[in-house]
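First comes the structure, then the notes that go with it.
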Amino acid sequence: MTLTLDFPQIQFANQEEKQEFSKFPTKTGRRSLSRSISQSSTDSYSSAASYTDSSDDETSPREKSQVNSKGSSDFCVKNIKQAEFGRREIEIAEQDMSALISLRKRAQGEKPLAGAKVVGCTHITAQTAVLIETLVALGAQCRWTACNIYSTQNEVAAALAESGVSVFAWKGESEDDFWWCIDRCVNMEGWQANMILDDGGDLTHWVYKKYPSVFKKVRGIVEESVTGVHRLYQLSKAGKLCVPAMNVNDSVTKQKFDNLYCCRESILDGLKRTTDVMFGGKQVVVCGYGEVGKGCCSALKALGAIVCVTEIDPICALQACMDGFKVVKLNEVVRQMDMVITCTGNKNVVTRELLDRMKNGCIVCNMGHSNTEIDVASLRTPELTWERVRSQVDHVIWPDGKRVILLAEGRLLNLSCSTVPSFVLSITATTQALALIELYNAPEGRYKQDVYLLPKKMDEYVASLHLPNFDAHLTELSDEQAKYMGLNKNGPFKPNYYRYEKGFKTPHIDYES
């Protein structure tokens with residue numbers, strides 16, 4: 001039986017109106033238009049990605065011979081010819097990193113890092129390029145590599161190499177490439193690092209293990225991640241940290257801005273770009289309610305997701321409860337979850353047993369620095385099939401047909417799969433630059449062989465540099481008010497133990513003890 005629908009014939013007031021209507025697509029034309037729109041959407045997705053995703057040849061950069069326009073070959077990037085595109089990316093980032101540019105202009109004449117030989121291991125993006133070029137402008141010599149095999153923007157690495165920075169990084173490195181790049185940064189004849197800027201602790205670990213004589217002569221280490229800070233405290237506890245180190249991760253400006261506000265925006269960006277997921281009504285569990293977890297939960301809840309939290313810390317758990325999130329155990333809720341997001345800095349948070357119990361189509365990703373939170377290695381077994389869907393998106397398929405959607409192979413989602421706001425990274429980068437300047441110029445004896453928090457005065461200075469972006473004007477204390485509060489009129493305005501949050505989370509946990 002065929003169902004026929006008879007629509008009334010359209011009546012036109014005049015011939016001109018009929019001709020205007022005829023301009024719209026016919027049935028066939030509408031199908032063509034649909035294909036055109038679909039193709040346009042695909043093109044938009046591709047163009048939103050980095051130039052990194054362009055169809056370069058598959059030859060390993062280690063096997064290529066490349067030189068920049070100055071004739072230097074002391075670098076290893078995907079394609080030095082992408083430098084022009086990378087320079088545009090850096091210029092765009094500079095527009096929203098005015099505080100770091102301001103610091104560059106203020107201190108450029110003094111060259112506070114003259115003589116500093118900085119070896120760095122961070123994400124290599126347009127924003128970190130602004131930091132690297134600021135350090136160079138302040139007098140430092142820099143050699144740089146990537147702390148994540150997926151987060152490098154190839155065009156930005158090329159721009160840095162073209163400008164004279166010795167950079168060794170490309171998107172999609174193998175594990176062997178990763179350590180080779182770190183070694184090339186450190187092991188340079190006639191050049192020895194005296195400062196380390198690290199994100200994750202891999203560079204520090206490599207220098208400590210492979211080049212102990214270099215490690216002993218380093219004047220300071222600046223570390224910005226939870227993972228790297230834990231490693232430093234473990235070295236200190238064992239009496240093996242022979243240089244002073246600055247813990248940038250637990251500085252107020254890093255915790256309250258990069259960790260919270262950056263992740264609040266970039267978690268959604270990363271998930272949307274990779275999965276096109278609709279958040280409304282989805283059941284989501286966020287593992288960890290530190291600053292990163294808080295940012296993720298806030299963003300997901302705002303878009304209608306039903307969010308619950310796992311925590312080991314009773315204070316953070318209580319904060320989650322007061323913010324309206326149910327605190328649960330992962331093994332008790334994992335079957336119902338549409339998304340599982342880790343942000344603890346720990347290891348084996350999501351085990352193979354938990355992955356086996358997840359529902360079909362569950363999205364699994366990590367917002368912590370290290371790829372240890374999800375037990376990805378346990379998924380590389382003969383009975384499971386891996387299917388690459390698009391860049392950084394894998395379907396892991398069980399024998400019964402169940403699929404789990406794994407993002408970035410368990411590595412940091414936002415920097416592997418999307419981008420992060422330049423303004424927030426300006427805050428962290430300015431903090432890193434000031435920490436390097438402080439450690440490099442500190443008189444002998446000010447810092448011992450230990451891990452230090454950023455001085456409160458420095459935190460406040462970083463914040464003050466960013467206030468003009470909002471046309472914000474600080475109120476000044478009168479002499480009488482300052483005396484009443486027991487404060488210096490120019491700060492610091494809070495004691496070192498004040499953490500600008502509802503509860504205090506113990507920042508240093510030895511997970512291996």
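Here the Cβ of each residue, glycine as well, is placed from N, Cα and C on the backbone.
The following features are taken from TrEMBL:
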- 16-72: region 'Disordered' (REGION)
- 34-53: compositional bias 'Low complexity' (COMPBIAS)
- Thr125, Asp199, Glu224, Lys254, Asp258: substrate binding site (BINDING)
- 259-420: domain 'S-adenosyl-L-homocysteine hydrolase NAD binding' (DOMAIN)
- Gly290, Glu291, Val292, Gly293, Lys294, Gly295, Glu311, Asn414: NAD(+) binding site (BINDING)
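Of Gly290, Glu291, Val292, Gly293, Asn414, all annotated as binding-site residues, the residue with the shortest Cα distance to Thr125 (substrate binding site) is Asn414.
Straight-line distance linking the Cα atoms of Asp258 (substrate binding site) and Gly293 (NAD(+) binding site), rounded to a whole number, equals 12 Å. Geometry remark: Gly295 (NAD(+) binding site) versus Asp199 (substrate binding site), CA distance 20 Å.
Taking the C-alpha positions, the distance from Glu311 (NAD(+) binding site) to Lys254 (substrate binding site) comes to 21 Å. The two recorded residues, Lys294 (NAD(+) binding site) and Asp199 (substrate binding site), show a Cα separation of 21 Å. Calculated from their C-alpha atoms, the gap between Asn414 (NAD(+) binding site) and Glu224 (substrate binding site) amounts to 16 Å.
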